[in-house]
Each structure stands twice: as structure tokens, then as C-alpha cells.
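Asker: Okay, handing you the structure first.
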Amino acid sequence: MNVSSATRQSFARSRSPHIRAMNNSGHSAHQPTAPPPPHARHRTLPTLHTFLPGTLSIPILTPFRGLSWTFSIDARSLAESCLLLGSLVYANWKLSSTLEPLDISDPFISLEINILVITSVIYIIWSHSSFSEKVASPPLSDRGDTRGSSPRTEPRGSGRNGGSRAPHNKAHFGFVWMSVPKNFRECPDDGVLTGLSFAPLISIALLYSSLRQAASPNSNLLPRDWLIETPRILEKARAPLSALDALILSRRSLVDYATLCSFILLVQIFSSSWYESRYRRRRSVPEGERGSVPRSEMRRTWTYWIYSYVITLVVLCVRYLLARNHINVWQNISYFDIVIGSVFYQFCLYIALRLAHGGFTLGELALVCFGGLCLGTELLSLTRAGIWPRTTPFIKTYRLPTPLLTFQIALIAGSFLTGFLLSPLLVLSRHIAQRPVRRLRFPQEKPRHRRALAAGFYIGTILIIAGLIGSWTWWSLGRRDPWLWVIFWILEGKKKWTRPLLLAYWGLLGSISVAGWNRQLSRSRRYKPRNASVNLGDNVIVPTAANQSYKSADPASSAPPPTGGLGLGFPNLPNLPNLPNGTLATDLLDAADKHVPTLGVNARRKFFHALAVVMFLPGVVVDPAFTHLSFSAAFALFIFAEYVRYFAIYPFGAAVHLFMNEFLDQKDRGTAILSHFYLLTGCAGSVWLEGPSRFLLYTGILALGVGDAMASIVGKRIGRHRWSTSSSKTVEGSAAFVVSLVMCAWVLRLLGLTEDFSTVRYGAVVGLSSVLEALSDQNDNLTLPLYMWSMLVVVDV
């Protein structure tokens, strides 16, 4: 098959190694756009109205002649900033009003939040303002060649309308030190306010929840029907604390960690912008790069690590100077904790940008790295308490130190540790899969090498899990075998068959869903004409015609056509006499597939939102503690699946990639696919945070599975009033979000599955959440459930 050089170059730039894994003979698919149907060509589009204005510009004259200051910001960004900062101020006020009656007032926590809010406002003004001077418009020959400049790197307001120039314009996007625009996801907003405000908001909600428990006559630390062992306490400590007192002290330190991370993020943004301003006049900057960042990855890495250590030293000096002046900011974390937290947080920022290249906005990156910091410090605290129980005052974990927390750390942190230890094998596997056969030293040995690397990865994973991770879990559980503990715990539900039945239900529903989608995707490819081949490993699969099945390029191969996806299919029934060439089930489904339209990407993704409700809601209702552990196991499984997909681990890498590729949207253009992680985290976050109320456990599942899906459906069907010109979200969709969640909450209440709650307060929080979902450009699967859970705790629903 002859292919042009342009097609080969376009195909070689694919971000996944699976398409060119074995014989490197895949070709780029160029599908012509089908013309619209005749009945849709003259369709009158509905009139859309906007709720918010466009860009707000406020010119302010200065005392200097000819010099003016302009503050220009998108109205949607301004509304989102006011919502986030207002929520943070309200949460801080509620926390202060709760601390005073308990006689444990801590004014410096409130001071930290107030300083953060003021600094955030200054950042908004700084990032959206510019000084401009009216000058004569230069001729075109003197303006320089501005071709090739990226819209993402062009300073905001740098246009030359009316002959004005802005030599001191500030870049609209913030950057982590030694990062460039192509490291981040394409997004109109960098999400800095999300990264600055979400961590303190969640931390305040956790602390407020534990303080309310201390003031409540009910001494239960967990909701009813939470079948798990009592939290661990250090009985050998010099002054042992109760589990609730230790939880309060731990969450007070978490608020300090949150403000510390926000401070580090702001310092990185300001210093990165200042350093970039020294290179503004460079015109030979490639697309997606910045003049201040070297092109060499080695120089970037060493520069970043030196910078991170300098920032840590600055934080220590600030902490010391404030303590000397009796300003106890960050007083709940020691100097050792500051060093560990600062270095680890900056380590997460850099590594996440490199591994998930183009997958995060700055706000999503900061929020994910703060979650990684929390999990890492909990691992360190549990280990420290086990080694030095007498000198450790309490177990500093932000959730109750039950076996659920131990297993979550072992599963999630252990998954990342496994990838780190086996990184040489993973990198080599991806390198061999990407490299063309003609450029290999031993091209005939490529399949053998891939199989050897895959065997090394699988064997190494088993050894690390059974050895290192299993030993730590055994030690943390008080020298109890973790595998036997899990087996016996599965049989200790409300009934002996409750938890096994839940496992069977989840397994059956997941298998049917994946198999159904797998078949639908393979059939849609079968009946869709294509002009390209896809390399799936040892053989090149070539669709020969519009309504013909896939055939192998190897004439000697008689294997059945692949089903794509995960290789799941429906078993064939015995041949019937009147159907000699096929089975009844297969022929009936083939005939139906020719008339079933292929669902769009949005419909496919919303299907998994609805599937989350069907799968997870019964688990939370029946056994929330078991669902807690199951969520952790599913997250670890997703991590290993991403290893297999991204690093092209034989033999499942290509199949997993092809299946996941059918559900990607514009937010999944990075090297790592993160949407399913966000969806799982959003549904599981309300359970992982272990609120005292059973009502809070349903927050993530209802917000994503019901509210977000209804908002999308209603907004696309009958939406006429958009929130702003730069957003596709409609007011009608937001109203559907509120109504659907309030109705679902009432149904749960009528069925006796939750406690009584204030409908007015719940509706107010859901309304604020719907506005955030409509205004924010961040991934709402991650941010929406966390914001809604935090506000439900703060307003005492």
C-alpha cells in the first residue's frame, strides 16, 4: 500500500506507541466529513441569549501623562473567582465561629486564610491588568514578524488596536517553574484560583466536621452501618490521645499544609513570570515553548530541583521569622514537616507534568498534587507511629487510622511505587514499541523483546506487591496477614453473603458494560468505511470495504477478527440448520447494527456517569466501608491499566488503548488518559473523606451520575440561555442539575437511606455547585464533587 510522506509523518506523531507497535506499517486515516442530511441543511438555529456579559474592561487614568492602567477580565472568570473566594471566606468564618465556643480558638488559622484570599485578589488584578501608553502606530515593516506566536503564550491585551502598545503586559496564564505552555492542557483558563482555594476549602471542611463531632453528644466517629474496626490509637505514647482529639490536631495541621502549598504555588507563578519577562524580546521561541525555559530536559530538571530546594529554604526562614515575632503561622506543622511537605509537593508538580504531559491545567495539577501530598504524609505518619510509638504524640492522619486507610495507602501509593521501581522496563517497552522496525538493531527480535519486557513487568509487579507492599501492610495491621484479613473481612458484612454478592454484582455489571461497548465499537468500525489500517501488534488489521469484516494482512493468519477494546465478546451459539454460515444471535445482531446509529463521544461518556450510579449507589447503601476499600482497589487497577496502555505492555496495551480512545474528548489530549480517574475520584471522594453523616456519602455519585448527566441532556435539548459567550453551558442545564439532585435527595430520605436534612440549605449548596459547574473550565468530574461536599459540611446541611 503506497502512502505519502506527509501521511507517514502525521501518523508518526501519534501520542501512543500502539498504532505502530510491531510492523510499523500503519497508515493515517483521513475520513471525509459527511455532508449534513437534507432536512438539517436549512434548519433554523434557536436564538441563544447570554446571562453574563463578555469581557469587562475598566480603564483607570494615572497621574502620569499618557500612561493608563486597564483591568480587563472575562465576566465568567470573574464570577468563578468571586464564587470560590466567597466560599472560602464563608468557610473560614464558620470555622472561627466554631472554634471560639470550644475554647480552642486559633486566630492564626483564620489569619492564614485571610492572607491567602487577599493574595489571590492581588493575583487576579495582576494577571488581568496592563499598563499601556498611547503612541503612534508603527509601520508594518517595523512591527517585526509575529508569525508563529502561540495564542497560549501571547500576553493578554497585546493587540495593537488604535496604535497602542503595552510593554508591561502580564501573561494571562500562570506557569510552574521550568514549565512551558505545551506541558498543560489546552484550556481558556489556567485554573489558578482552583488550585489556590480548593485545598484550603477541603481542609477547613474536614476540620469543621471533626469539631462539630467534638461538640455533638453523639460520640460516633463514623456513620451508622460503617462496619470496620475501631480507629487505632497509640496506647504506648506518653500521653495517649483519643481518636477524635488526634483527628482534630491532624486536620489543623492539614489546613497549614493547604495554605503552605498555595503559598508555594503563588511563589512559583510569580517567579516564573518575572523570569520570563527577561526574555520577552526573544522572537525565535518555538510554538508551545517559553524563552526563559531551556530546551534541554536535563537542564530543566536540575534547574527545577535547585529552585525547589531554595523555595523550601525560604519557607523555613519565613516560618522562623514569624515565630520569632510571635506570629504563629504554620504553627501546627514542624520544621521537619515543612521540609518534607515542600519538597514532596514540588516533586509532585514536576513529575505529574512530565508523566501526564498536556493532561492538566494548572488548577487541576495543584489539586491532584495536594491529594498526593496528603496520601504521602499519611503514609509517613503511619510508618513513624509504628517505628517510634513512645515518642510519637499521636497518629497524624487526616482520616481515621482504620485498616481502610492502611489498605488505601498500600493500594494507591503502592501502585505508584511499583511504576517507579519498574520504570526502566516500562520506558524500554514504550521505546521499542514506538521505534520503527527499520531503525532497530535486531528487528526480527522485536516481538521477543516485547514479550520479555512484559514478563519482567508482570513478575516484578507480583514480587513488589507480595513482598514490599505486602510486608508493610502486614506490619501496619499489627502483624496480621493482609490477604487473610481481606478474605475474612469479606465474610463479615451484615450477612455473610452481602459482600460477596456486591462483588459479583460489580463484576457482572462491569463485564456486561465493557463487553457491550466493546462489541458496539467493533461493529461500528466494521460498518463504517475507512481507508486506513491499524497495527494492533503482530498483524496489521485492514478493513477492506464498507460492509466487510476486518481481515488480517497476513494471509497465513486465520485468527478471528479482533473485537477491539479489551477483547471481550459474546459466545457463539451452535449453528442452526437454516443458518449454515453463522449463528442466529450473531446474524440478528449484525442486522441490527446496520441500523443502530453510532453514539457521540458525549453520549458515551454520560453512559459511564449513569453506570456509576447503578454500580456505586447500592454499595454505599448496603456497605459503605466495603465500598471504601473497593474504590481504592479500583483506583489501583486503573493505574496498572494506564501503565499497560501508555507503555504498550504486551499483549494488552493496544487493546486497552483502542478501547479508551473511543471515549476521549477535548480534555483528554495529553499523554495520560485521566477522565476515568477523575470520574472514580469524584464518586469515591465523598466516601474517602469519611464524613460523619450518611447523607454526605452520596454527594459525588449524585453530582456526577445524576446532576451532571441531566444538566448535559437538558442543556443540549432545550437550553436557550447561555451563562456567557465563552461557555456552552446553559442556565436551563444548571436548573436541571439543581432539580434532579434535590429530587434524588428526597427519594433517598423517603426510603430511609439517609438522615433528615435542610432542603433549603441543600438546595442552596446544589445551586452554588451548578453555577461552578457552568462557569469553570476545569474538569468538573474532579472539582464539582469536592466543592459540593465541602460546602455541604460547612453549611450544616
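A Cβ is built for glycine as well, from the same backbone N, Cα and C atoms used for every other residue.
As the structure is a computational prediction, the values presented were derived from the model and not from experiment.
TrEMBL lists these features:
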- 1-13: compositional bias 'Polar residues' (COMPBIAS)
- 1-44: region 'Disordered' (REGION)
- 134-167: region 'Disordered' (REGION)
- 257-275: transmembrane segment (TRANSMEM)
- 304-322: transmembrane segment (TRANSMEM)
- 334-353: transmembrane segment (TRANSMEM)
- 365-387: transmembrane segment (TRANSMEM)
- 407-432: transmembrane segment (TRANSMEM)
- 453-477: transmembrane segment (TRANSMEM)
- 497-518: transmembrane segment (TRANSMEM)
- 607-627: transmembrane segment (TRANSMEM)
- 633-659: transmembrane segment (TRANSMEM)
- 671-689: transmembrane segment (TRANSMEM)
- 695-714: transmembrane segment (TRANSMEM)
- 735-752: transmembrane segment (TRANSMEM)
Asker: Please tell me whether the transmembrane segment (671-689) and the transmembrane segment (453-477) touch - that is, whether there are at least 3 C-beta pairs under 8 Å between them, with each pair 6 or more apart in sequence.
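Answerer: The transmembrane segment (453-477) and the transmembrane segment (671-689): touching, no.
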Asker: State the residues, same chain only, that lie 6 or more residues beyond the ends of the transmembrane segment (407-432) and have a CB under 8 A from a CB inside it; answer 'none' if no residue qualifies.
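Answerer: That would be 17, 375-376, 378-379, 382, 440, 446, 449-450, 453-454, 456-457, 460-461, 464-465, 468-469, 472-473, 476, 482, 486, 628-629, 632-633, 635-636, 639-640, 643, 646-650, 688.
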Asker: Quick check: do the transmembrane segment (607-627) and the transmembrane segment (695-714) share at least 3 Cβ pairs under 8 Å, counting only pairs 6+ apart in sequence?
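Answerer: Contact criterion met.
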Asker: Return the stretch with the most CB pairs under 8 A relative to the transmembrane segment (453-477), choosing among 334-353, 497-518, 633-659.
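Answerer: Going through each listed stretch, the top one turns out to be 633-659.
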